[in-house]
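Here is what TrEMBL says about this protein:
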DOMAIN    338-561  domain 'Histidine kinase'
DOMAIN    594-708  domain 'Response regulatory'
MOD_RES   Asp643  4-aspartylphosphate
TRANSMEM  35-53  transmembrane segment
TRANSMEM  59-80  transmembrane segment
TRANSMEM  101-120  transmembrane segment
TRANSMEM  151-169  transmembrane segment
TRANSMEM  175-194  transmembrane segment
Amino acid sequence: MANKTDLPSLTSNNSNYESLDLAVRKIDLIYRQSINGVIVIFANAAAFLYISWNNVSQAFSLTWVSVLFTSVLIRLSMLYRWKRVKPTLRHVDETHFWHRTMCGLLLISGLCWAAVGLVAPYGSTIQQILTALLVCSMSAGAMITYVSSRVAMMCVVAPAMLGWGIGYVTSGQQHHLLVGMLVMVYCGLMIVMGKNLNQAIIKLLTLDTKLQKNEEHLRMSMASSDALTWDWDMTTDSLHCEGNAALFPLGTEQLKTLLKENRSATLELDTEAIFTDSFGSARHVALKGRFYRNPDNVPYRATGIAWDITTKRNEELLRRERDLHEAANNAKSVLLANASHEIRTPLAAILGFADTLLRSPHLDDQSRRDVQSIHRQGNFMASLVNDLLDLSKIETNRLYIQKAPMNPARELEDSLSVIRSALEDQKHDIQIYYESQIPEIIESDSVRFRQVLINLLSNAVKFTHEGTITVRVGFYSDTDNTGHLTICVTDTGMGMDDATQKNLFQPFVRGESAEVQRVQGSGLGLALSERLARMMNGRLRLVSSELGKGSSFELSLNVGPVHKLRLVTPSKQKNQALDRVKIAKETGFLKDRRVLVVDDSEDLRLLMNRYLQKQGADVDTAENGEQAVYKAMARPFDVILMDIKMPVMDGYKATTQLRTNGYTRPIVALTAQASVEGQKKSMEHGFDGYLSKPVDMNLLNDILSRVQGPLN
C-alpha cells in the first residue's frame, strides 16, 4: 500500500504542472501579442514625431524614439528566445524571469508615453487633441493586449495616464486642474476595468487549461480502453469518430446502421451488439449515447461512446458455467452421500450377519466357504464405496488433509499388521527394512497416510500369488535442508506391461491381461492414492515394473525442515502393533451393561442386539432420535450406539439435546458417511466415539471397552 506521506508530493506535482501550463499560457499570450503591439507603437510614434517635430526639442524627440524603439527591438528578440525556451520549462519558477523581463520592457514603453503626456499640454490645441488620442489609444490597447497579466497591463497604462495627468496639473493652463483630475479619474477607471478583464481572462484560461487536460486524459483513457466516441450530425450525415475504429469491422457505416436501428430511443441510447471480427470470433460491443431531437421529435444529432465488453461477457459466461459446475458437483456430492448411506446401511447388515455366521461353530465347510465369499464381496463393495466417495471429494475440492503429529514407524507397522492379519495362507513373506534413521514425529494426516500404505501393500499382496513383498523406508534431505520420508513397496508378482504403466494412475484403469482381470479390483486405489499423496505434499510414483517379475512403488513425503525433526532408529514394533489391532475374543465384557441401539434399520437393530447380547449386555432399541432421547432421559444407559441419519430426529440433534439436558453417559456414533470431517463433526456434537458402517465388530469391541463407564 502506498504511504500516506507520499500523497501530498504527488498532489503538489500535479498542481505544479497545472500551474506551469497556466503560467506559460499567460506569458505566451503577452509575448505573442507583442507583434501587434510593435506595429501600433511604430505607427503612433511616427504620428507623434510628425505633429511635435517643430514644437518639441528635437533632442528630446530623438532620445524618446531611440529609447522606445530599443525596448521594442529587445522585446522582439525576447519573443524569439521565448519560443525556443517555452517547451523546456519544467517548473513555474522558471517562468518568473520571462514575465519580469517583459514587464520591465513594457514599463520602459509606458514611461516613454508618460513623457509624451508630460509635454502634451504645451502644444497647440490640435497637438493636444492628437497627443491625447495617442496616449489613450496606447493605454486602451495595452489594457486589451496584455490583459493576461495585470502587472504587464499596469506597466503601460499607469505611467502613460499618470504622466498625461501630471502634465496638465503642472502646466498652469486654463482648467488645468480640472483636466488633470479628469485624466486621473479616467486612469483609475481603466485600472478597474483592466482588473475585471484580467480576472475574466484568467478564469477562461484556467478553464481552458483544465479542459485541455481533461481532453488529454480522455484521449489516453480512450486509447487504453479501446473505446470509440462518435458525433453524428444526422442532418448533413457527417460522422466524426475518435478512438478504436476496429470495434466495427465494416466501418463507420455499420455504426450508422446500428444507430438508425435504435433511433426510436427517446433520449438515452443503451444497447449491445455482437459482431464477427476478421478472425471469425464473436465480439460484444456496448453502446451508450444520446439522441438530440427537434420540436417535431425527429433526431438530428447522436453522440455517444462504444467499447468492447467481450472479456466481460466471457467472464460472465465462465462464471455461469462455474456456478453450473459447482451446482452439479454439489448435486453429485449430495447424491453420493445419500447413495453412500443407502448402500452402507444394507451392506452393514450383510457384513454383520455374515460375521455372526462366521463366528458360529455350527457351520459346515461348504456353508462357511459360502459365507466367507459373501463377507469378502461385501468388504470389496465397502472399499469401492469408500474410494468413490474420496475420489469425488478430491475432484470437488471437498476432501481436506487433517495434519497432526504422528509416528510414521508406528503407522507403517499398523498398516503391515492389518495386511498380515488379512492373509489366509503363508504364501507371502512381508519384510520391512529401515535403511536410515527416520523422523520420530512428523506433521501429516495419519488416516490418509495409512490409506495410501494399505492400498500399496494390498495391491502387492493381490498381484503376488506367492513370493516376497519388501518395504524399504528411508530418509534424506535436499539442498534446501528439507526432509523427505520415502517408503518403497516392492513385490515379486505379475508386473505390468508398458501400456498399463502409461495410464496407471487414471481412475478405473487396470491391466488387460487375463491374469490381471482375475484379480478383484476396481482400478480406483492407485488413482486415489496418487491424489492423496499430492495433497499430503508428497508424491507417489511407479519406480519400475517388469511383466512377470514384479513392480516397485515409492511414496515420498515432504516432512519439513530437517532441523525441526528428531531422527531415530525405529525399533521392532511389530508385536506392539499386533497387540493394538488384536481382536477382543473374550465374551461377557458387557455383562449387566445397559446398551441402547438407535437405528432406523430393523435389520441393523436386530444384528447389534444379537451381538451385544452375546457380550452379556442388556439391550434396548429405538428407531429414531426422538425415541432415544425419551428412553435415555427416562433411565440412563451405560452406552448409546446412535445412528446419524434417521427420520423424525437425526443423531446429531438427539445427542445435542441429550447433552443439553445434562446426559453425561457415553454416546457412540454409527454412521454410513465415513470421513474425517464426519468424525470431527460427531465429536463437536457431543459423541464420545465414532464407528462407520459396515461396523467392524473388533473395532466395536475396542470402542465399547474404552467408553463404557462403571456400573450404576
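For all residues, glycine too, the Cβ spot is worked out from N, Cα and C.
Note: Asp643 (4-aspartylphosphate) has non-local neighbours Val598, Asp599, Asp600, Ser601, Leu604, Gly651, Leu670, Thr671, i.e. same-chain residues 6+ apart with C-beta under 8 A of its own C-beta. The transmembrane segment (35-53) shares more Cβ pairs under 8 Å with 59-80 than with any other stretch in the list 59-80, 101-120, 151-169, 175-194.
The domain 'Response regulatory' (594-708): residue composition by secondary structure is 53 helix, 24 strand, 38 coil, according to DSSP. Tertiary neighbourhood of the transmembrane segment (101-120): same-chain residues 27, 30-31, 34, 41, 48, 52, 56, 60, 64, 67-68, 71-72, 74-75, 78, 127-128, 131-132, 134-135, 138-139, 142, 146, 149, 151-152, 155-168, selected by CB-CB distance under 8 Å and a gap of 6+ residues from either end.
A Cβ distance under 8 Å defines the sequence-distant neighbours of the transmembrane segment (175-194), meaning residues of its chain 6+ beyond its ends; these are 121, 139-140, 143, 147, 150, 153-154, 157-158, 161-162, 164-169.
When Cβ-Cβ distances below 8 Å are used as the criterion, the transmembrane segment (151-169) is approached by residues 30, 99, 102-104, 106-107, 109-111, 113-121, 132, 135, 138-139, 142-143, 176-177, 179-181, 183-184, 186-187, 190-191, 194, 198 of the same chain, each at least six residues removed from its ends. Here the domain 'Response regulatory' (594-708) returns a mean pLDDT of 85 for the predicted model.
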